[in-house]
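Everything below concerns the one structure shown next.
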Amino acid sequence: MTVKAIQHPLIQHKLALMREKGISSKDFRELASEVGNLLTYEATRDLPTETVKIESWNGKTLNTQKIKGKKITVVPILRAGLGMLDGVLRLIPNAKISVVGLYRDEETLQPVAYFDKVVKDTKQRTALIVDPMLATGGTLIATIDLLKEKGCKKIMGLFLVAAPEGLQAVQEAHPDVDIYTAAIDDKLNDKGYILPGLGDAGDKIFGTK
Ligand code: URA
């Protein structure tokens with residue numbers, strides 16, 4: 001697994017704004033989308049391209065580079081992942097969307113999928129999972145399990161903030177998945193929140209607190 005913490009100044013600046021106490025839901029939502037957009041740019045850097053002949057503006061034939069194959073499905077994890085979705089789609093407007101929702105079983109404490117609507121041609125697509133917070137890694141691991149069961153072969157994850165504990169868990173369970181994050185923070189607290197983190201990203205995006 002490669003973990004890339006993206007040090008771009010725009011990303012760091014926007015993340016700093018998101019960490020401030022009292023940020024409005026509107027600002028948080030806009031910034032989550034903008035950072036999602038910038039992370040997408042980084043994560044798609046190595047997508048394979050192929051040479052395609054086109055007829056150009058003056059009638060001449062030109063060899064150009066286009067992305068090869070069936071391309072991408074974006075996988076927002078409900079509900080907070082929806083806050084990064086439009087930022088991703090602004091760069092990849094033709095991507096198909098596969099939505100996944102999970103809850104935590106109170107007895108086993110394991111994440112269980114209560115909703116999944118995944119594109120049919122997962123085998124030919126790169127999945128770009130989006131979720132603001134990679135905390136314990138449990139939800140991400142379950143989402144990757146689900147996508148692999150459906151035949152998905154290439155999976156990447158985009159996060160605003162990741163905890164070292166979650167990164168390690170994902171590395172152990174799915175060493176073939178690449179992670180792009182705007183920050184790797186210090187640790188989880190005893191409630192599973194990332195420190196210093198962003199607080200509850202879902203509540204901030206949806207204005208439910
Ligand atoms: N989910 C959040 O919204 N915040 C955290 O810190 C961890 C999980």
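The backbone N, Cα and C atoms fix where each Cβ goes, glycine too.
For 6-208, the entry in TrEMBL reads domain 'Phosphoribosyltransferase'. As annotated by TrEMBL, 5-phospho-alpha-D-ribose 1-diphosphate binding site applies to ARG79, ARG104, ASP131, PRO132, MET133, LEU134, ALA135, THR136, GLY137, GLY138, THR139, ASP200. Marked as uracil binding site by TrEMBL: ILE194, GLY199, ASP200, ALA201.
Here the domain 'Phosphoribosyltransferase' (6-208) has a mean pLDDT of 96 out of 100. For ligand 1, no neighbouring binding-site residues occur among ARG79, GLY137, THR139, by Cβ distance under 6 Å. For the recorded uracil site, residues ILE194, GLY199, ASP200, ALA201 set the reference point as the centre of their Cβ atoms, and the other residues of that chain within 8 Å of it by Cβ are PRO132, MET133, VAL161, TYR193, GLY197, LEU198, GLY202, ASP203, LYS204. Listed in sequence order, ALA80, PHE159, LEU160, VAL161, ALA162, ILE194, GLY197, LEU198, ALA201 are the same-chain residues at least 6 apart in sequence whose CB falls under 8 Å from the CB of MET133 (5-phospho-alpha-D-ribose 1-diphosphate binding site). When other Cβ atoms within 10 Å of the Cβ of GLY137 (5-phospho-alpha-D-ribose 1-diphosphate binding site) are tallied across all protein chains shown, the result is 24. Across the structure, GLY199 (uracil binding site) and ALA135 (5-phospho-alpha-D-ribose 1-diphosphate binding site) place their CA atoms 11 angstrom apart. ASP131 (5-phospho-alpha-D-ribose 1-diphosphate binding site) sits 12 Å from ASP200 (uracil binding site), counting Cα to Cα. Counting only the Cα atoms, the space from ASP200 (uracil binding site) to ALA135 (5-phospho-alpha-D-ribose 1-diphosphate binding site) is about 11 angstrom.
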